[in-house]
Amino acid sequence: MVEEGNIEASNKAVEEDNGPKGLYYCFWGPIYWFRMLAMETHWSFVFAVVSTYGISQGLGGALARVGTEYYMKDVQKVQPSESQVYTGITSIPWIVKPIWGLLTDVIPIRGYRRRPYFILSGLLGLVSMLIISLHGKLHLVFALMALTAGSAGVAIADVTVDACVAQNSNKIPSLAADMQSLCSLMSAIGALIGFSISGVFVHLIGPKGVFGLLSIPAALVFSVGIVLLEPHDANFAYKEVSKKFLDVGKAMWRTLKCTEVWRPCLYMYLSFALSLNINEGLFYWYTDSKEGPLFSQETIGYIFSFGAVGALLGAILYQNILKDHPFRDLLFWIQLFYGLAGMLDLILVLRINLKFGIPDSVFVVIGEAVTQMIGRLKWTPLLVLSAKLCPSGIEGTFFALLMSIDNFGLLSSSWGGGLLLHTLNVTRTKFGNLWLAILIRNIFRLSPLGVLFLIPRGDPNSSILPTEMLGSEDETVAEESNNIELVSLVNSVDGR
């Protein structure tokens with residue numbers, strides 16, 4: 001046994017020696033990293049993350065954000081505070097993610113647990129985007145319904161990938177940060193491409209045309225459901241569904257009562273909810289205010305693309321430098337800088353940057369990049385922490401529950417920001433109190449520092465849950481959903 005251990009250690013050392021070194025690491029490093037993740041977790045996992053996070057959420061999410069901003073402002077012609085509230089409404093499907101997780105974990109359709117839900121999510125996105133794009137004058141209520149349905153499609157597809165991440169994080173704790181970094185990197189790269197072209201497309205084909213383009217990522221998600229190869233359960237006992245729901249509910253409640261779980265959950269909600277979102281007010285000021293910079297559609301897209309660059313830098317910075325730092329220490333500095341970064345918006349609105357000879361476009365690009373970088377640095381360790389809080393057997397459902405807590409915090413932030421804009425009378429034409437809204441938001445951003453004691457201080461590479469929750473106690477709930485493989489269409493046909 002000792003000799004075998006020495007042989008394995010020497011083989012590892014040889015592999016490390018053969019790894020990329022020096023300047024070549026800039027090119028070969030990411031390739032080796034992708035290869036390592038594919039070998040350790042299976043190539044299908046990496047492919048699923050790239051497809052869902054990179055194309056559907058990253059690229060599609062960037063186009064949807066810019067398209068929705070201009071759709072609400074120019075087509076529906078709503079006030080900034082109203083747009084802020086409507087944005088929160090479209091995010092509701094992300095709050096009920098545990099429902100999608102329960103369905104995919106507990107209820108197979110025609111013997112499959114994953115393929116039908118990918119197909120459903122693709123259809124929701126495809127139909128809803130085409131309705132908004134092709135309808136001449138869609139009423140605001142029906143537009144909100146279509147936007148919410150499209151958001152639900154993305155959320156349902158996201159649940160499956162989240163389940164894979166949570167399962168692999170428990171199986172290989174040492175790679176938990178790497179897997180979350182992969183998700184962040186794919187999302188950031190997709191967003192960078194999407195934001196770079198969003199303004200141009202809004203200018204050329206309008207916001208409704210952009211929604212037509214969003215049917216393409218939805219169609220891709222639909223195709224993933226077709227090529228997905230998974231075990232077929234022809235003898236599933238549907239009569240036991242209610243019992244399985246009850247078992248999952250009990251397991252989730254038992255986990256939530258654990259001190260190691262509810263304390264971080266409370267912090268995650270407060271950290272997002274207290275960071276008031278007033279982005280719609282700033283967007284209207286960017287584009288409509290005579291005292292503002294009056295940015296064009298292309299400029300808005302380019303500004304957001306630099307924000308995506310900042311998010312990408314944040315993911316790289318976390319992966320290479322910060323991933324081994326204790327959660328509490330890391331979040332303290334990130335939250336502090338997050339509050340200070342908000343002062344850049346105040347400097348811009350008060351036009352102080354012009355007094356120092358800094359053009360609006362340059363200053364906004366810097367502010368967006370810095371804010372998005374810090375936002376990514378805040379989000380990624382919370383994702384790693386969430387993955388480590390998932391008990392064995394209900395990883396997908398519980399991870400979805402944790403994400404719904406985060407999204408409920410974002411919804412609270414959006415509605416709180418809308419209420420703040422409404423209270424201060426920030427409208428399409430009145431921006432006199434926007435500076436005060438920014439100042440109040442910045443103060444609220446610092447308030448989560450007072451509840452940092454809720455976050456564990458331990459090693460981020462070690463398990464957080466008690467040992468008994470990492471066992472096989474609840475594995476029977478989702479025993480057939482552990483191994484998910486994505487294969488090419490040719491192999492899928494040959495297998496039949």
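From the backbone N, Cα and C atoms, a Cβ is placed for every residue, glycine too.
A TrEMBL annotation is a machine prediction, not a hand-curated record.
Positions annotated as transmembrane segment by TrEMBL: 43-64 (among others).
The transmembrane segment annotation in TrEMBL covers 117-134 (among others). Sequence-distant contacts of the transmembrane segment (117-134), counting only residues of its own chain at least 6 positions beyond either end whose CB sits under 8 Å from a CB of the stretch, comprise 71, 100, 103-104, 109, 142-143, 146-147, 149-150, 152-157, 159-160, 208-209, 211-212, 214-215, 217-226, 228.
Remote same-chain residues near the transmembrane segment (140-161) are listed as 48-49, 52-53, 56-57, 60-61, 64, 68, 71, 76, 78, 86, 89-94, 97, 100-101, 104, 114, 117-118, 120-129, 131-132, 183, 214, 218, 221, 224, 396, 400, 484 (criterion: CB distance under 8 Å, separation of at least six residues from the stretch ends). The transmembrane segment annotation in TrEMBL covers 140-161 (among others).
The transmembrane segment annotation in TrEMBL covers 182-204 (among others).
Residues annotated as transmembrane segment in TrEMBL: 210-229 (among others).
Annotated transmembrane segment per TrEMBL: 266-287 (among others), in sequence order. Using a Cβ-Cβ cut-off under 8 Å and counting only residues 6 or more beyond its ends in the same chain, the transmembrane segment (266-287) has close neighbours at 69, 72-73, 80-81, 83-84, 87, 293-295, 300, 331, 335, 338, 345, 349, 364, 378, 382, 385-386, 402, 405-406, 408-410, 412-414, 416-418, 420-421, 426, 428, 431, 434, 437-438, 440-441, 444-445, 447-448, 451-452, 454-455.
Feature annotation from TrEMBL assigns transmembrane segment to 299-318 (among others).
Marked as transmembrane segment by TrEMBL: 330-350 (among others). Panel annotation: around the transmembrane segment (330-350), residues 271, 275, 282, 285, 322, 360, 363-364, 366-367, 370-371, 374-375, 377-378, 381-382, 431, 434-435, 438-439, 441-443, 445-446, 448-449, 452, 455 of the same chain, lying at least six beyond its termini, place a Cβ under 8 Å from a Cβ of the stretch.
Residues of the same chain lying 6 or more positions beyond the ends of the transmembrane segment (396-415) and with a Cβ under 8 Å from any Cβ of it are 84-85, 87-88, 91-92, 94-98, 100-102, 104-105, 159-160, 162-163, 165-167, 248, 251-252, 255, 265, 268-277, 382, 386-387, 389-390, 478, 481. Look at TrEMBL and you will find 396-415 (among others) tagged as transmembrane segment.
Here TrEMBL flags 435-455 (among others) as transmembrane segment. Through the fold, the transmembrane segment (435-455) approaches residues 263-264, 266-267, 270-271, 274-276, 278, 281-282, 327-328, 331-332, 335-336, 338-340, 342-343, 345-346, 349-350, 385, 417, 420-421, 424, 426 of its own chain, all at least 6 residues removed from its boundaries and within a Cβ separation under 8 Å.
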Legend entry - For the transmembrane segment (210-229), sequence-distant contacts whose Cβ falls under 8 Å of one of its Cβ atoms, 6 or more beyond its ends: 48, 51-52, 55-56, 59-60, 63-64, 66-67, 71, 114-126, 129-130, 132-134, 150, 153-154, 157, 198, 201-202, 484-489, 491-492, 495
